[in-house]
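So that you can see what the record holds, here are the features copied from Swiss-Prot:
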| type | residues | note |
| --- | --- | --- |
| TRANSMEM | 12-32 | transmembrane segment |
| TRANSMEM | 34-54 | transmembrane segment |
| TRANSMEM | 91-111 | transmembrane segment |
| TRANSMEM | 129-149 | transmembrane segment |
| TRANSMEM | 153-173 | transmembrane segment |
| TRANSMEM | 204-224 | transmembrane segment |
| TRANSMEM | 225-245 | transmembrane segment |
| TRANSMEM | 257-277 | transmembrane segment |
Amino acid sequence: MDIKAYFELIRLKNCLTASFGAFIGGLIASYFNLATVYDLILASIVVFLVCGFGNALNDIYDLKIDKINKPERPIPSKRLSLTDARVFSYLLVFVGLFISLFNMACFLMAVLNSIVLQQYASTYKKNKIIGNLIVAYLTGSVFIFGGIAVGNIDVTIMLFLCALFAMWSREIIKDYEDIEGDIQEKVISIPIKCGEKSVYIAAFLLVFAVFLSPLPYLFGFFGIYYMLSVVFCDLLFLIGIYNLVKNPSKKEAKKASRNIKIVTNLVLIAFLIGSLFK
């Protein structure tokens with residue numbers, strides 16, 4: 001058994017990042033109540049397994065394309081058979097859903113996200129207009145999942161919304177950067193439909209995320225330390241997207257995409273600061 005191939009199939013780093021997001025989301029929602037750690041560990045394991053299921057499905061459905069573009073991937077390289085990959089993916093989701101029964105609300109969300117992952121892999125990868133929103137939703141949903149695990153989703157809903165709109169913006173920018181390849185692959189995307197105007201759509205979504213970011217302070221969940229931290233992040237967001245709008249080149253799109261990814265992580269730190277120093 002090639003264990004490394006299984007880790008590659010599920011994209012181990014992505015799974016660890018997602019599970020860490022759920023754990024951090026729960027810590028924020030519980031204001032670092034250590035009594036919730038056991039539930040957060042279970043929630044993180046569920047996210048890891050369901051994320052692995054989704055990533056494995058992507059490789060299963062992308063087999064034809066990967067034979068040409070990524071022949072080193074576990075299935076096209078024959079380090080894993082298609083049958084083994086299928087069995088493993090459904091084992092992951094079965095175990096993940098079983099563990100999620102520790103909390104019925106977590107179970108229902110895990111079922112929902114598993115269905116969304118299956119639909120994305122089978123139907124919406126080539127329709128990025130819908131696919132981008134799905135990716136953004138899945139990215140942000142890990143924070144809500146952590147909040148559900150500890151019984152408080154108020155703050156994590158706001159974190160979810162900020163992450164959703166920031167990641168949605170980033171996905172459109174990435175598509176703008178990859179427009180030629182997507183045309184060859186007959187993919188539907190906002191940049192293919194709208195051209196340079198898609199940069200303005202991405203900018204609008206990111207500005208909306210910035211607009212939402214003060215809500216935890218305004219609603220009294222967090223104090224001034226959060227506000228100061230998130231204003232710094234918002235300025236970085238706005239500078240990056242302004243540079244792209246001013247110069248909508250592929251080079252600037254790459255910079256803007258990287259900037260959003262980095263600053264979104266800084267926003268997560270701002271939420272941590274807000275939770276710690278309320």
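First residue shown is number 1, and so on along the chain.
Each residue, glycine too, has its Cβ placed from N, Cα and C.
A Cβ distance under 8 Å defines the sequence-distant neighbours of the transmembrane segment (129-149), meaning residues of its chain 6+ beyond its ends; these are 18-19, 21-29, 36, 39-40, 42-44, 46-47, 54, 103, 105-106, 109-110, 113, 116-117, 119-120, 155-157, 159-165, 167-168, 171-172, 175, 188-190, 193.
Of the two recorded stretches, the transmembrane segment (12-32) does not lie close to the transmembrane segment (204-224), with fewer than three CB pairs under 8 Å once pairs fewer than 6 apart in sequence are set aside. Through the fold, the transmembrane segment (257-277) approaches residues 21, 24, 27-29, 31-32, 155, 159, 162-163, 166-167, 169-170, 173-174, 177, 206, 213, 216-217, 221-223, 225-226, 229-230, 232-233, 236-237, 240 of its own chain, all at least 6 residues removed from its boundaries and within a Cβ separation under 8 Å.
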